[in-house]
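Data block below; observations after.
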Amino acid sequence: RCQWGQCVGDECGSGGLQTRTIWCVHTEGWTTHHSHCQHVDKPESQRHCFKVCDWHQNLFVWDVSEWGGCVLVPFFSNEHKLRTAECITAQHGIQRRQVHCVRTSNRTTVTLRICEFFSQKPPVEQACLIPCPQDCVVSDFTPWSSCSRTCGAGLQHRTRHVLATPMYGGAICPNLTETRTCSSLLECPAGVGEHQYSLKVGAWSECRLPHQKDALLSGRTTVDFLTGSNGSNAVTLHTQAAHQHRHHHNRHVHRFPVSWDLEVGYQTRQVRCTRSDGKNAMLSLCTKDDSPLTFKACVMPKDCQTSDWSPWSPCSKTCRSTDLSPGYRLRSRIMTQITVGGGQRCPALEEKEACNIIGDLLPNCPRYVWRTTDWDDCRVLPLLSQQDRRLANISILCGTGIQSRKTYCVQVPDPSAPHHRKEAPRNPHMSRPVNAILCTGEEPPSAVQPCSILCPHNCLLSQWSPWGGCLHDNCKEPQGKKGSRQRRRELLWESSAPPETCPHLVEFIPCEDPACYLWQVKQEGRCIPTKNSCGPGKAALNATCVDVNVPIAHCAHVRPPTEAACEVACPADCVVASWSSWSPCSHSCATRTAEGRQSRTRTVLAVPGKGGKECPAAPALEEWRVCNEHPCAVFYWDASAWGPCIEDAPTDPNGTSSWNGTSACAMGVQIRTVSCMKMNVGAVTNKRCSDSAHPETVRPCLLPCKKDCIVTPFSEWTACPSTCVPGSSSLESRYRTIIQRSANGGQECPDTLYEERECESLPVCPVYRWRTHKWHSCSPVPDSVRRGLSGPGEEACGNGLETRGLSCVGESDESANMTECLRWAGPLPPQIRECRVACKDDCALTAWSKFSECAGCGGSRRRHRALAGRSKKKEHCLNKELYPLEETETCPCVEFLSQPYGNWSACILHGPSAPGLLQGWTSHREVKECGRGLRYKAVACVNQRGHLVKPTHCTDSGYVEEVCHVPCPLDCKLSDWSAWSACSASCGSGLKTRSKWLREKSFNGGRPCPKLDLKNQVYEAAPCYSECGQYEWRIEPWSICTISAVDDMPACGEGVQSRKIRSQGTSGENSTLEDSLCDQDEMPPRAQVCFVACPQDCVMAPWGPWSNCPPQCHNGTARNRSRRVLRLPSSSGSAACPERVQSEACVLNSTCFSYQHDWSTCRLSESAACGQGSRSRLVDCVRNDGKIVDLRKCEQLGLLNKWKLSESCVVDCPVNCILSEWSSWAECSHTCGNQGKPLNSQEGRPCPLQLTQTKPCPIRPCYTWLLSDWSPCTVEGAECGEGLRRRSLSCVVHTGSWPESPPQPVDKELCGDKLRQQIQQEMEQPCFVPCPGDCHLTVWSSWSSCQLTCVEGRSFETTGRQARSRAVIIQVMENQGSCPHQVFETQPCKGGKCHSYEWRTGGWSNNERLVWCQRSDGVNVTGGCFPQKRPTPVRHCHPLCSKPFSHCTPSGVCGCEKGYTEVMTTHGFLDYCTRTPGVDNNKKADVKTNSGRLKPGPSQARDLFSEWTLRPVGPGTEMEIIFTAGPAQTHCHLFLSCLLFICSKPFQSTKTSPPTQKPLTLAYDGDNDM
């Protein structure tokens, strides 16, 4: 049959129908026809059901219980898994729980199928782990006690305590006590009884009312005195059904009482005489004269009563935060009846429970963030030293400075809350400031930062460029025939600061025939003759139009021809070289009296032959031309400094200020004047300067923005006191913070930033007081109780108690609830006191007299009384210890002594403190750091007894004050700058320096000196330049090559040519000077060998320039030059033309050059103290030998100067400490005593000065309740039995440094309500003093260490357990039957550890050793270790070692004692022991002695492992002799084949015992002959 199908039906409910399919199956599992099955047994195929609809899902839910405990998985039906040795860490278990389907409306159970329709049934079982069974673990036994009797036979005992209780089915705890008999050597003397007798008392009964009051009050307790079967006095209590004078501690009183009354009752106890064997005896054997006290008066107990619980306080967690911990809420109740006479103590008066554990439905918590105000103005002054401050002009200070701002905390609205979104202010800075403590989770923003005031930098200019070509003013539209030449220089260092008015950068000189575009003609290829191989010809020309100033090329003149006439020299023609370069111009400009001229020359390279073309005349070899024709007048544009930004156009009317303080500022203009200046003359007409380089006179600028002041809203008013404060008025305050200050005509800030007012409706402290009623008469124990009678007896007398009522009244003496006085009226007056009703035999005394007058402070006073009547003659009345007749007390003293205490405080400066200043950084007012102040010393005020009292009795402030001075810090002082030194380089660029030297070192935490050199100086370096020479060699052209011709031979071949060289000033003057003024090493040659080609020779052009060498001049590098053929040789017989290309290696100091430079130090503006500056350098062209050459030499070699000549740099700022205002004095760290130190602190960057001030607090006495230790157990009026341990509560005074200052007892009123303090403590504990012979329990052991249940060393739980126990002590064996059971208890604890247990063993001794279990912390225990793994404590050999001189060895086989050798059987067992030769009392051996060779070792281990062993190897005649050397662990195996018989007859075995054999004598002396 199938499972039931889904419930179907037309409607939801019980009218549904379920179906299933049914078929007939053979017993073997195959399907057959349904007729084969019995029709009667056919199951139903349909049934009614409850149809569940989708909306039913909200009506039903799964109800799941908590998981049950983890139980072991059973092997079979009901058999649990037993503990086995296989349990290593934990055992598998199973947990179960109940699962029901219930209605959501009333939680009634329905069928499971309804809930299964919607969701799967929750699991009802799950696997779990159970730690392995843990046995009880106990400590080691204590040492045995002393014998219970000093003579005869007695008992001794020893105990142990429980360390861990059994868990998870572990073994129970063993006996904690062991007892053994002991006996003394002394026999008990005759006449000493067999037993001891002791008076034993029981516990006091509950306090009950006398019989007289039972008739009036139902439900009281009666007492009967009976005589027990054993003859002892016993007390039997009969309690009636209506006995309800006790109240449970959780019973609440809804109506508060208006007075408290007490009743006096009595208590009784059993008293009996016990014998040391535990049996009772007659009281007369224990008591002699006085009968024991069996009754006493008592106060009827009253339990503590409380009011109902107050409503729960709001949950501390009211919002959802990232903290997942739940909130808590509190409720409280008040005490309406204090505990009296040992009644139930008060329960907890306050409850705390978790709330809002999940918190998903709570709103998000408010978020608090730091906000900051705008930065204050940048100030350089705080960074200056004291010396610089006096010298500096504050108005022009620039460079790096310091600016500050204030930080404040605000609440950020929750964006998810709709009401917050509507009310959120537009400006995030407008949030209301809150307490800064709310922002403690975040790091506050920086309140101080460095800033910068831009300094106008010095103009650092490059050298002038060469004069340019003659250009039109506007090359795009050229006009006229007059133009100008320009030269430029550049501003080398661009700074973000506005530069000073720098000198002009462009100069002009007028010129004529300007041309912006020029044709540049270059010859392409060689000259090609027209007819023959030589003679006239043509050379192709390439003409390109190049621009001089603009990128668009457009030459206005006629394009030059593309060909030019040329001539190729024939073999007999004269050959002339190309023109040289033009010489330097003789004048830089033209004047009326002088003009510049320059020349160029060419030389004859080959003389003509016959019929050849002649050479030109000598004048034709030189050309002159006029140069630098421009006049010497130089013009330039001069621009003034930019003016202020002024309005140019109307501002945009829409440019209004927005909420964030930024405004759409209007654009303005700056204007400056520009005029044309003539060098060394002054202003001229602007037409004389080029318009193309005219500087701009107007530029746009941004007008200063108008900014309104922005302040935060006022903070919330500070909270007023919620509880009453007697006799004081409180203030509440609020503040707001300036976020942005006004500027440029904006709205000014408000004057009021701080407000305060008095708190309204302060709670007034109510006035209540205790009203005490009249003392009732003294109530002793009734005589009927004393005599054991049930009816009224004689009048009672003796010790008793008297009580009085207590009520509460208000300020107008109206009755009030007692709870009001408990809260407001101070200490409770006593309601009980001891009294005595005089008996007939009592001593009669007169009343105490008044105290005598006090003689003075510190004296004493007395009072007296006397015996009256017959008491004067009674002997016991004359005992003054029992009945004192005089009392003395110390007179009250009102004199006080002032004693200074401790050391002086630091000198404290008192600066102006304005109330309401915000916590922030001072903007423009410096904090007082030095000068006059006060220092303080605390005063201890003591009375005549030496007790500390309030300091106001001695002084008003509690201090001794003294004027003091804090020395002001002195900064390091340096001198002014010295004059600049000479340039470090006599030629080229170098550095010049100036210095400051130390005048005064810093003192008292002043600014330290900068880093000084060994001469205590600091330097500054600047670049400088020295002309490499004021004189230079002036070189004239070479003369004609002079050749000595012979006869009529042509003047050709090698000759000599010369030139004039003279010394000339670098200024350009042509006057000739002495040659000694120039560098002789650099003097060019005056003559040289020359060569003029003969007519038939090949003629080559002069060499071209050398190619450039690399600057590094590496090995293997070379440079090349080339030349061309000007005239071919005349005939084939002539010499061929020489080489056309020439190479040479690059040579240091000759062909390789480089740049060198030196940086200056970082230089600041004269008005800056630190911050951004610049450093510069000059560049020289230097040969590799270090000689400086002309800079153009490097430029000619193509060495580009890519280095910057100036760059920015930073001079670190020595930041002065910036201090906030002093905070308010903190509260004293201690409210009393001499340990308090109020703090006053500053915030800021680390400072050498004090940031925290400390002064002593006034020394106030510390009054404390001191709870004494528990007293020993005392039994009242007997030797043993039930007793009490007590502790006392006393009021003491100390100075706060307890235990250094021992506490001294004072009046209890100074500490407060003693009675209320006592009812909160346990002042008495019942205890038991055993009688001799009693079988009793020991006192509780100390709590064991906290231990966790662990699996594989990891904690199985979070809370540990600790245990303690009480062992049973047996004093007399006859009392064993009455012994109590040993007890132990556990309690949870925190901070537990995982412990493991391991078996430990000692060393073997006589085949025995100690075996014990040890915990991982080193404590020896019993239990905890697996018994199955316990090592054996006794070692046995099998079979037993019964041979003479044999013993059981550590290896478990029989061996021989020292001095004997083993002889083994064929089966490897010991046969017998034979004496080892040579080891018997140093006698000589048969072979060799072992004297001095085999000394016995220092330990038994060496003796055991250094011995000979002789054993048969097999059934034959081979013997194995083994020597085992213990230390070296070496084995020598010697196999000796010995014949036992000289004759060769075979060995015969017989049943008789073996014949006596002579032992084999061996000795070993350690040599190698074995």
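Any Cβ shown, glycine's included, is placed from N, Cα and C.
Please treat TrEMBL annotations as automatic predictions, because they have not gone through curation.
What you are looking at is a predicted structure, and each value in this text was computed from that prediction instead of being measured.
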Completion exercise
Which range is region 'Disordered' per TrEMBL? Of 237-259, 1111-1133, 1226-1248, 1548-1570, it is 1548-1570
Practice task
Write down the single range among 1058-1078, 1478-1498 that appears in TrEMBL as region 'Disordered'.
Solution key: 1058-1078
Handout entry: Contact call for the domain 'Spondin-like TSP1' (1335-1394) against the domain 'Spondin-like TSP1' (136-184), three or more Cβ pairs under 8 Å
Key = yes
Handout entry: Residues of the domain 'Spondin-like TSP1' (709-763) by DSSP state, where helix covers H, G and I
Key = 0 helix, 16 strand, 39 coil
Handout entry: Three-state composition of the domain 'Spondin-like TSP1' (574-632), taking helix and strand from DSSP
Key = 4 helix, 19 strand, 36 coil
Problem - the domain 'Spondin-like TSP1' (136-184): DSSP-derived helix, strand, coil residue counts - result: 0 helix, 21 strand, 28 coil
